[in-house]
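Engineer: Pulled from Swiss-Prot, these are the listed features:
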REGION    71-97  region 'Disordered'
REGION    129-188  region 'Disordered'
COMPBIAS  129-138  compositional bias 'Basic and acidic residues'
REGION    221-262  region 'Disordered'
COMPBIAS  228-262  compositional bias 'Basic and acidic residues'
REGION    577-604  region 'Disordered'
REGION    901-928  region 'Disordered'
COMPBIAS  907-916  compositional bias 'Basic and acidic residues'
DOMAIN    1320-1498  domain 'RNase III 1'
BINDING   E1576, D1672, E1675  Mg(2+) binding site
DOMAIN    1797-1872  domain 'DRBM 2'
Amino acid sequence: MAGGGGVGGGAGEHAAAAYWYDACEDGASLLCGIDFAASADFDPGLIPAMDTGADDGFVAEIDRILESINAESSPAPPPPPPPPLPEPVPVAPPELPIQEKQLQVASAPVANNAVAVVGVVQRSKGVVARKEPRRESHGCAANGGGGGEWRDGKRPRLASGGVGGPRQEWRRRPMLPPPPSRGWDDRRGRRDFDRVRKHEHHRREARGFWERDRGGKMVFRSGTWEQESDREAKRARTQDGGSMEKKAEADRMGAAQREKPVAEERARQYQLEVLEQAKSRNTIAFLETGAGKTLIAVLLIKSVCDKMLKENKKMLAVFLVPKVPLVYQVLVMTAQILLNILRHSIIKMDAIHLLILDECHHAVKKHPYSLVMSEFYHTTPKEKRPAVFGMTASPVNLKGVTSQEDCAIKIRNLESKLDSVVCTIKDRKELEKHVPMPLEVVVQYDKAATLWSLHEQIKQMESTVEEAALSSSKRTKWQFMGARDAGSRDELRLVYGVSERTESDGAANLIQKLRAINYALGELGQWCAYKVAQSFLTALQNDERANYQVDVKFQESYLKKVVDLLHCQLTEGAAMKSETSDVEMQNTEKHNTNDLEEGELPDSHGEHVDEVIGAAVADGKVTPRVQALIKILLKYQHTEDFRAIIFVERVVTALVLPKVLAELPSLSFIRCASLIGHNNNQEMRACQMQDTISKFRDGRVTLLVATSVAEEGLDIRQCNVVIRFDLAKTVLAYIQSRGRARKPGSDYILMLERGNISHETFLRNARNSEETLRKEAMERTDLSHLDGTSVLSPVDTSPGSMYQVESTGAVVSLNSAVGLIHFYCSQLPSDRYSILHPEFIMQKYEKPGGSVEYSCKLQLPCNAPFEKLEGPICSSIRLAQQAVCLAACKKLHEMGAFTDTLLPDRGSGEGEKTEQNDEGEPLPGTARHREFYPEGVADILRGEWILSGRDGYQNSQFIKLYMYSVNCVNVGTSKDPFVTQLSNFAIIFGNELDAEVLSTTMDLFVARTMITKASLVFRGRIEITESQLVLLKSFHVRLMSIVLDVDVDPSTTPWDPAKAYLFVPVGAEKCTDPLREIDWTLVNNIVNTDAWNNPLQRARPDVYLGTNERTLGGDRREYGFGKLRHGTAFGQKAHPTYGIRGAIAEFDIVKASGLVPARDRGHFSDYQNQGKLFMADSCWNAKDLAGMVVTAAHSGKRFYVDCICYNMNAENSFPRKEGYLGPLEYSSYADYYKQKYGVELIYRKQPLIRARGVSYCKNLLSPRFEHSDAREGDFSENLDKTYYVYLPPELCLVHPLPGSLVRGAQRLPSIMRRVESMLLAVQLKDIIDYPVPATKILEALTAASCQETLCYERAELLGDAYLKWVVSRFLFLKYPQKHEGQLTRMRQQMVSNMVLYQYALNKTLQSYIQADRFAPSRWAAPGVLPVFDEESREYEPSIFDEESTGCELQKESYDDYADNMQEDGEIEGDSSCYRVLSSKTLADVVEALIGVYYVAGGKIAANHLMKWIGIHAELDPEEIPPPKPYDIPESIMRSINFDTLKGVLGIEFQNKGLLVEAITHASRPSSGVSCYQRLEFVGDAVLDHLITRHLFFTYTDLPPGRLTDLRAAAVNNENFARVAVKHKLHVHLRHGSSALETQIREFVKDVQEELLKPGFNSFGLGDCKAPKVLGDIVESIAGAIFLDSGYDTSVVWKVFQPLLHPMVTPETLPMHPVRELQERCQQQAEGLEYKASRAGNIATVEVFVDGVQIGVAQNPQKKMAQKLAARNALVVLKEKETATKKEDERDGEKKNGAQMFTRQTLNDICLRRQWPMPQYRCVNEGGPAHAKRFVYSVRVNTSDRGWTDECIGEPMPSVKKAKDSAAVLLLELLNRDFPDKPDGKQP
């Protein structure tokens, strides 16, 4: 945020934060630890939000001190903790049995004294046992069948307890008894062979493995891949800086050292003496620097705290410090922070119990200490005032005292101000023991000769710059002098801490630099002045902000002249002569610092220095003072542990002296650095200051050149030398700087100019004043002698001196008004081209008698509520400024620009405020914030009639119901007869459905080449008896139990009246009586059959089929993983648990043959001759089986019977697997069933049944077929291969439901899903009460996660734009005085997702939303409970992830993963009545509803919906304010070419003031014209709405994603900026920034080059970053047209449609290079990574794909550099793809031949040589989700030579590629090891 300049200088970029501290970076943290609850008036929300950071070091230090104090009363200190033992190396314990493992986990000990610390994760540090990962076989064929793989790291599934259940330990699953033999004569022998092979596998593994080195060559490595990987990782860690174990050990030792108690620091006697007095009364502790005043304050806090705790009261203690650096040592806040808090009434003075003031001598004049006491402490009743404790090294902060009486008066003033008594110690022996006094030495130097010529030339430059500044601006002499000398700059920094941006005024900044150079020239010499000028010039050239400042070139040209003028060199040749150096060093050792008492250096050193720089002193290159300093420093070149501080007055001296001293070889023993504070132009950051102090402490720096910042507060190491290069200005500075020399035997050297009377007088007064102050303090024991002598000046509380808000108590006074106005200007919206600040225009009035008075006119920036205000006539310039600023503050508060706390209003007047969530929880309105909501059911479906027929329910009357038939029309054709052979159904409801529901046609995606359009047709009203209803209900339950696979009993199933309807079968013929259309015969047969007694007929058992083939029927996806619903997986030789889905298992673990009923061979020949077949439970006529459903007794699967194959029986050979060339596994079908299921077929001569599996009920509303244009000719071939299976009749049970009935019923759940959704939409439509089609409302309620043909995303896009426009228009018109920043924040609070989410909850929209993909298994049909979908979503982390160290941590990681991965609608339990919705979904639905209402009914309908939802954004006509009058100067009107603008826009403005405002930038000096920011605010919303509407209605079939891309390409600042350049709107821009002019010129040049390219239009994706201002003026012109046309958006579109031409289209839509590269890498499964770095003003971005750099780009903007780098990477990848394609074309024949090495090639070799299939193993899996990498190994058993060596492939982005890489390596190994070709062919 830019700041203000004006009289008081500019406000800084971080003015908002700086307001709360004096140039401090972590201001808000200063309030941490304060119990604001002690004040009932405190409102924490009033403190502005900012980044905070607590000073943990200080808190730890206080704890340590208090512990040491408490230790005095304890019997004996606790022994120090033993040093930590080295962490033992993890050792894997032996594998425990399952029961022992579980017991071990359950009985983990918990420490009794464990303490739970919030925010701290406690980890156990015991021995961590490594668990051996389980290896699980997946389909490994016994005879080389299908191959297989060994893959480590697969964790077991969760137990049946679900998410919250315990995890299973890592162990091998207990194997169940094996089935009968299946092809080998000796199965036990086969297992022994496998065991031997595994042993050989591991033996070979221990030998080594093959892999490729970096050059691509095959290399053999010993051991395993994991061991080699660990060795490489350790080598890499060692190269990076040592062993990680050593580093960890060092960290542990360091932590132990830190935790070890330091030597006890006990309070000294004199500290306790002062403490006792402070406990009884307000006290000012007068003690030397280093005497431990802070400890006394801490002890006082502890004492008061203990007292308040005993009284059960809350305490608020405030520790104040005068400067920011002190905060980092002694807490809590600077005085300015407390002053601001009190002034803005955030807390009250009576809420503070203890007030501690460090360095309290600053409480004079207008210092914050003084203002806190005078404005708030003394105005508070005495009984409510806090206790005060002040600390100082000198109660008088002046040049000294003249007498004992003068000293007493000054101390009285301080005591009165602080309402305290000065206290010091009388016995100084203990103090002198701990704080030794240094030896004070005076060194005199000669006065410097003045270089008049150079001085005059620099002064002349200063005068020239000042005159140029005056001539370039239209300000008066008084105005400029006021800006420079009125003193407001100091007040601004002191009061509000707003960093002054003097660069904003290039002339004033340059004058300051020239004055600093001139000072260095006179005080330090020409050489030093040259160094200063050179530093200024270098800093200016390297400053990143220099590109955006107005007068940079102007400053640079003058500084170059000064550098050339002062250029000189300084040599030190004489000092390096060896013949003199040795002698001088020896002589130096003979002297000590005692020789300096007389103020003269030994002659030998004087001669030596004269040889070194004597000529330079004579020439004026170095002054005698610098020469004397060098002499002093040379005296200490052999001093052991030398530490020194040189105190200087000016910052320029502190900056240049280290450079001077560093260039003198004779002072090479010194390592010098600067230490400056914050209150200067060359600010030193706090982190840099602490770093310098740290270096000084550990010896990397031995000499500090410091300003007054080092005099007090900072924790600087004890020094043995302190040099006052510039004499102190006050007694306090004299005492405090001396206190830095606390080391025994140290020297305090004062440098005095020879013959300077003022220097000698000050030194004499300082010495006398110190003694006088100490004497006076000892005599002051109470305040009784002060009665009637108080000199405290009363606070000016006259009405004109302050302004107070009655409601809050906030106050602004003359002292704070100027700073508050500057702070307000810094908070106004601005950019880097405009630095907003107030301007003061002074008017002088001369009165008779020679007196002068002044008045001040205040001019605020152009985007303030008012621009000019004239103040009253006052006696001084400063008072005139204060008076006008105070009046401005009052006016701003009355206009609403200030809140009631007198802080700038940020725009919180409209909408709901942001709610604060607990830490770590996602905020409402975000996608991650999810909650459970009940599923909505339409009220029309409710019916008590569904409860008829229950026990005890008597009703003899007819029940009146409504019947609707399901009408299905097929679109397209299909050769599959099962798709079209369906039964007809009707649905019975208790209420009549809405006509819109009947008119709705839903698409059911039943086949790849056919879609069924279903709808409901009203058949009529029916009346049925209770007995008929019971029969229909039983049929409904039986039907749905089969469709949904739920085992329920019609007599016991519960019915819910909230959802009352029934499915009934109907005949094909229509009848006049709809009741007769029901197929009652079918209903009776199905309900009354005895077949339901067999559990296999009621629901499908969950069994493992032992294969992944779909030829056995059923759903491959469901059974392919061999996992049952209870989390149990089985191998090939295991038997499953037969569990009824949706119910409790009724069978134990048994052989499959146990379910097959007993059969008899007796009458087989007779029945065969009669055309009957022996089924599992009865005999059936073969002709009657066609179309029926049969249940396989051996597996529990159900099948549709297609036909009877009389030419096949069970003795036919079993078909070979596709692609398998090995020996036959099963000789016949009978052999297959015997080996596979243990079933011995009896009727082997019976013909087989050709059947197709009955699939689960599917979601037919979602398009399931990607390729709808598949060739119909391919269907029959795929059908035969995929779906048909041949079953022996004796293993089949005939199901009571016909096949056509089941297939027809499987469509009913999808149909009712859409019907129920439509009923909810109709219900919501009736509630909203506006005629909009219910189908449109349903579209707005359906999320994309449903994966249906309906989706709200397009409507949401339109509704979002319309909502933004309506709210923007409302705010713009309602608040004409608020600026653009306030309006933007208010709009955000009205349209944010969090607010819309609350609106949705208020209207219970969560009950109407369809957000989950329809799953029939979870659908709640009437009378049938839903079941949980068995697809597991468990989290299976890789073994290469970090192992968790406890059960709690494992559960937490799973929960986090589930939260992140869960989508809308997904639930974690068995429930269909609740679903999970993100709060963002609810907010999106609100916008989508606005969109559909706008489409259906325009603005009126959309506004009606917004009003219903709770968004009030309409103004009554009488509330709309009249147009703002414009009084634009004639000179401005003449400067604008209105005719040209009329030609470009095609419209003439009625109010030309709007157009002038639309093209005026904030950098333009205010002259009665506002800037365009408010017009840009409303214009941005208008254009966004109009362009979005155009795209929405133009491209009606465009998917939401593409429509969003079109909108983003059309509505962006880059595109608008190019529109401005294309139509030359930029030439009319009124601004006052040369930097902006340069950027516009460069951008125009680039755009003109782009436009020359044929057909080129980047739509904002060009290579040149556009200045935001250009896009802003396009939006502001749109806003001006909108207002000038009477708020008519059609006029705006009429103007801008040709301006925006050519509009982006789907064909011309450019994809952002970053997105294009991201999508390409995702499609190719390649890892993408960006690495960014910055060097100066240039950002560099590198692009890596799979770890290889393929693109790089540089640009000042990081985003632009990323875009260019992505574009370069795409070019490289496309060129690479083209080259690869050409190479493939050239070598196509070779690649298509036998030499193309893949896994298939390796499999073919194994088949031909009759080897077992290759064994693959995953050896590594890691990396982030977007850059996953897999490493696989492979080996093969060659039978004759045993196992091959393991071959490790390269890291690949997919498992397939990783296996291929390993296979290629193994093929190369086989080619090398076998003399003949591996494929079996002889060479």
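For all residues, glycine too, the Cβ spot is worked out from N, Cα and C.
Structural setting of the listed features?
Structural biologist: DSSP assigns E1675 (Mg(2+) binding site) to a helix.
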Engineer: According to DSSP, collapsed to three classes, what secondary structure does E1576 (Mg(2+) binding site) have?
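Structural biologist: Going by the DSSP assignment, E1576 (Mg(2+) binding site) falls within a helical segment, counted as helix.
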Engineer: Using DSSP, how many residues in the domain 'DRBM 2' (1797-1872) fall into helix, strand and coil?
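Structural biologist: When I sort the residues of the domain 'DRBM 2' (1797-1872) into the three classes, I find 31 helix, 21 strand, 24 coil.
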Engineer: Are there residues of the same chain, six or more positions away from E1576 (Mg(2+) binding site), whose CB falls under 8 angstroms from its CB, and which are they?
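Structural biologist: E1576 (Mg(2+) binding site) has long-range Cβ partners E1380, D1672, I1673, E1675, S1676, G1679.
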Engineer: Hey, for the Mg(2+) site built from E1576, D1672, E1675, who else sits with CB inside 8 A of the CB center?
Structural biologist: Y1572, Q1573, L1575, F1577, G1579, D1580, F1616, G1671, I1673, V1674, S1676, G1679
Engineer: I'm checking region-level scores; what's the whole-number mean pLDDT for the domain 'DRBM 2' (1797-1872)?
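Structural biologist: That region's mean pLDDT is 83.
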